[in-house]
Amino acid sequence: MAVFNLHAVRHGATEWSVSGQHTGRTDIPLTTAGRAQAESVKSHYEKELSSKPFSSQFRHIFSSPLSRAHETARIVTSRDSGVIIELDDDLMEMDYGRYDGRKTKDIQADSEETKCWNLFRDGCPGGETAEDVGRRADRFIAKIRKIAAESQGLPNEVRDILIFSHGHFLRVLAARWLGLPAKNGAMFAISTAAVSILGYDHDETEPCIKMWSLPPTEA
């Protein structure tokens, strides 16, 4: 398998990300500040690519179909008219079920049973567990590793993948990239519109995190 880098961008800010409400399948748009964050990520990649087209580095660009991620992707890649953004349902945020739109502190205040509730450990009633999200992450990782294998013979810099997704999904993705249990995504906090890079140290037997949660103001 050819080694490659996976650039992962979390969507910009929404009203619910600012308030701390769990935002799963509810399709909340970016705020004005969230769009400004995406513009900062756009500037980052203009510098990173020296104003060359995205195809000079990225073999594929994928996004969650939820509007907050897809709009972030469109803003970041907007200078390049030839970009194709492929929507992938596996990149959607965790399904929070009955907890969608609620804050952790309010869930924990509901009852004696939920006072120690933890999303990564306990999952969401009517929604997904971390392990459910992990299975989606595994499926996506297998997909892009297959793409990388089929890209052997291309210059190394054209093997990379760029994705736009969501906080809890990307945390689980990082854990599964390293071969850790999905619940270990709890260890990988990530800011809105942050850029992360997953890759390999020497070869495909050594997956690693090359950069994690670089804020848009520093990107």
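Backbone N, Cα and C atoms are what each Cβ position is placed from, and that goes for glycine too.
Under the heading active site, tele-phosphohistidine intermediate, TrEMBL lists His11. Cβ neighbours of His11 (active site, tele-phosphohistidine intermediate) (same chain, under 8 Å, six or more residues apart in sequence): Leu30, Gly34, Ala38, Ser64, Leu66, Arg68, Ala69, Glu71, Thr72, Phe164, Ser165, His166, Thr192, Ala193.
The secondary structure of Glu93 (active site, proton donor/acceptor), as reduced to three states from DSSP, is coil rather than helix or strand. Note on Glu93 (active site, proton donor/acceptor): other Cβ atoms within 10 Å of its Cβ, all shown chains, come to 24. TrEMBL lists Glu93 with the feature active site, proton donor/acceptor.
Long-range neighbours of Gly24 (substrate binding site) (same chain, six or more residues apart, CB within less than 8 Å of its CB): Glu93, Met94, Asp95, Tyr96, Gly97, Asp100, Cys124, Gly127. In three-state terms derived from DSSP, Gly24 (substrate binding site) belongs to neither a helical nor a strand segment and is classed as coil. The substrate binding site annotation in TrEMBL covers Thr23, Gly24, Arg68, Glu93, Met94, Asp95, Tyr96.
Cβ neighbours of Thr23 (substrate binding site) (same chain, under 8 Å, six or more residues apart in sequence): Thr14, Trp16, Ser17, Arg68, Glu93, Tyr96, Asp100, Gly101, His166. Take the mean position of the Cβ atoms of Thr23, Gly24, Arg68, Glu93, Met94, Asp95, Tyr96, the recorded substrate site; other residues of that chain with a Cβ within 8 Å of it are His22, Arg25, Thr26, Leu66, Met92, Asp100, His166, His168.
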